[in-house]
Amino acid sequence: MIALAAKSTTAPYQVPAGFVLTSTLFLMGAVLLLALHPDGFSSYRHPVTLAFTHLLLLGFGTGILIGSMHQLVPVILEVGLVRAWWGYAVLGLWAVGVPIQVFGFLQYQPVLIAMGGGLVSVALIWFAVHMFLVFRSTRKWSVVATSLVWVTLHLLTTPAVGMLQALSMQFGNYDPVRLQTHAVLGLVGVFLISIAGVGHKLVGMFTLSHGVKPRVLGLNLWVLNIAILSDLIWPASTLPLLLLAALLMALDAKNLIAKRVKKQLDVGVRHYVLGMGFLVASILLALGGLWTMALTLFAGFLLLVITGMLYKILPFLVWLHRYADQVGKTQVPTLKDMFNEKTADAAMVIFALGIVATVFHPAGLWLIAAGLVPYLSVLTEVMYVRRKP
Amino acid sequence: MSAENLKELAGMLLQNVLDPELGISIVDLGLVYGVDIEESTLRVTMTLTTPGCPLHDTLTDAVRRTLERMPGIEEVQVDLVWQPAWTPERITPEGKRQLGWR
């Protein structure tokens, strides 16, 4: 049976739902900000670029990740959260901190950057403490759980280096190399590791895959962490290692899909497969030194994979909240009944075209902005429309 | 109603308990291992595709609610077991058809 969580073991519905809602607002803000100010493409340290990056990664990506982990970690570890209400505190601190930090970047006010970053850091520390308590209480361990431990650790290391950078802007000892470390910890430590781990679990669940051992994922966790270390010791090996990691992620997805019981690939898996293509292309472009193009494709990879997973996570969350108690009493909708998959496919195609267009010209961002319309339509349908079963 | 008829009725009613993700009944997914009746107690032995699947509360409650309306049944017990483990071979031909394998 496919499931993401039982009501009794996870955070209250409002916590992951609040993260999804707020993350979506941050995504809209990120896309519109860069579309309106394409001069951000001129430098990675441009105020608009820094604001965009933090809206996209710390706002959208991290928000969905933390919200989902409140739901997924109890499922994967088969234990309940230790203090479910802590999720509200983490949500509040993060939701307030991100806009303050982004405003600080746009206005170049280091105090606001540090203040917003500080609030988010407290949120992430709180979240990490909670997760480590959950990790400690489980008797069920797995490679996916190990990946989540690494993600939680890097949810601490990434803002720690970022905060050091923000404070050095105010008090001196600014080091541009630290910015690269901050980026690698976030992009690889948080996002690639979480997508490799959670992706293994979710693609397996969504395809009803059976009999795939997590060996490729286990190997990939080594490769990804060595890639992070190599950036500090021998940066020349980082990109080849990341290419290997991306290929291992694609191989893992291929193995899961090959052993699937459900024949048709659903919308979340289609997003995932397309996203893998963008990831591999991104690293190849980075190896060729085409950094702006590479990072654009990497952002596209994150956008596709995260939105695709959300089309499964959110309906399940809402289904549990709204219908779980009704099963057996009355007819309830299935997850597929809760939104129109063609609308989600439309969002995927428009996003993908927009990302490719943006690789060549910043005006492509308006196409990505257009993709937000069907994306928001799906989320709204899932959350607010009570379809007749 | 005889015990055999009650078991048959239970099987038919369990066709209405659907996996929310797949929209396929737990019977066609091969999750129901057996239905037994002892006097007025009906016992369902079932599994889930993943050991420790966290939605077991929802599905076991659904099975209980679905069957407790049966005539002559006063109590429904649902035993969730992990041995033998579920495999795709347990899916019925109808389940396979609904999963897209014609």
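The backbone N, Cα and C atoms fix where each Cβ goes, and this holds for glycine too.
As given in TrEMBL:
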type     : residues  : note
TRANSMEM : A:17-36   : transmembrane segment
TRANSMEM : A:48-73   : transmembrane segment
TRANSMEM : A:85-106  : transmembrane segment
TRANSMEM : A:113-135 : transmembrane segment
TRANSMEM : A:141-162 : transmembrane segment
TRANSMEM : A:183-202 : transmembrane segment
TRANSMEM : A:222-251 : transmembrane segment
TRANSMEM : A:272-291 : transmembrane segment
TRANSMEM : A:297-321 : transmembrane segment
TRANSMEM : A:342-360 : transmembrane segment
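The transmembrane segment (A:183-202) and the transmembrane segment (A:297-321) are in contact, since at least 3 Cβ pairs between them lie under 8 Å (pairs 6 or more apart in sequence).
Here the listed stretches are A:48-73, A:113-135, A:272-291, and the one with the most C-beta pairs under 8 angstroms to the transmembrane segment (A:297-321) is A:272-291. As a quick check, the transmembrane segment (A:48-73) and the transmembrane segment (A:222-251) miss the bar of 3 or more Cβ pairs under 8 A, pairs 6 or more apart, so the two do not touch.
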